[in-house]
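Q: Sharing a structure with you now.
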Amino acid sequence: MAFSGYLADRYGPKMLLVAAVIDCVVFTMIGPTLAERSYPAFFASRAMMGIGIGCVQPCINSMASKWFPSYEKSTAGALYTTGNQLASSFTSFFVAELCASSLGWPSFFYFFGGVGLLWSVFWIIFVTNSPQDNRWTGEQEKEFLEREVLSRKQKDMLVRQGLPIRHLLFNRTMQAIYFCQFAFSLCAVIMQSFLPTYFKDHLFLPIHLNGLYNIAPFFTQIVSKNIAAILSDYLKKRELVDSDTLVKFFQGCGSIGVSIILFLLAWLPSCENPAVALYLLSAYVAPQYSGTISSISTGYATVASLAGPNIIALIDYLDLPNKWLIVFGLCATIQFCAGCFFICFGQAKIQPWAQPKDSIDLTTAEK
């Protein structure tokens, strides 16, 4: 992930994303064979699979930056990240059914590998790095996107200027984005991985209700983020609200709102009133955040994904009381701080260091 976003921005994300998915497909489909023969080999295959996974989100974001005008990017981002919630909520049902079938547990490795192969075929046929190269796109749409989206000569010019790595890493606006990504990912991994344990150990929830409670936050995320994204793009396109105000409002509502929900989730539900958890989880929503920035942001997300399980493990090891109060309280505090930091320093406008240098002529850059 550390280099995939930069490569996607400079050379195009199409084939890089194909290579990433094929990596995932291969190591997924050989998984059962390796698992039966060698644990170290299976473990190594999962590590190699991570190389492909790390390229996916930066490549998708880089592709979106070339295909959507700025006033449609919120909607586009909400739509193409909806798969995250669909996968998180429904995959367990498919896995359970396949495991219970006569095909056994190896079948879901082959099933998801096959889905990846099918996706790759459609992607190679229909997708190009830019609208101008796509034979499936009409001339009117190409002209529209050429006007509204960063043009090739501008891209060439930015390549000549080099990568402002210091600003990308240490600029306060960038740090606000990364902090929010860290906070979101920390909460996401705990929600995805440990909600069933919370329901079982803290709420003593019957197993037949576990699936409903697990789906609740992911379903409401799909609904809320798409509504918020469409509303945001509507306001931006009609210039009814300043773009900086919009991003601060939505990110602030997302982060601080999640913080409040997590605090309530830690204090209110109990084995006597587990339904409170369902209502709170239904209110649980979190925002989702092109290329190089996405790579750095994904790095923060990965650190958070590693930290989440280890925090749980440390609390278990120390045998601390009020385990879930500590977990949800910590996540809520981080979300609240991230939201406040973004409200103070987050911006939607292009940063001065990311603007094309006046000394570079576009016609010269095009040559």
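Keep in mind that glycine also has a Cβ here, set from the backbone N, Cα and C atoms.
Copied straight from TrEMBL:
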DOMAIN    1-367  domain 'Major facilitator superfamily (MFS) profile'
TRANSMEM  15-35  transmembrane segment
TRANSMEM  47-64  transmembrane segment
TRANSMEM  108-127  transmembrane segment
TRANSMEM  176-195  transmembrane segment
TRANSMEM  215-235  transmembrane segment
TRANSMEM  247-268  transmembrane segment
TRANSMEM  324-345  transmembrane segment
Q: Average pLDDT across the domain 'Major facilitator superfamily (MFS) profile' (1-367)?
A: 76
Q: At a C-beta cut-off of under 8 Å, are there same-chain residues at least 6 beyond the transmembrane segment (108-127) that contact it? List them, or none.
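A: Non-local partners: 14, 17-18, 21-22, 24-26, 28-29, 31-32, 63, 94-95, 98-99, 134, 136.
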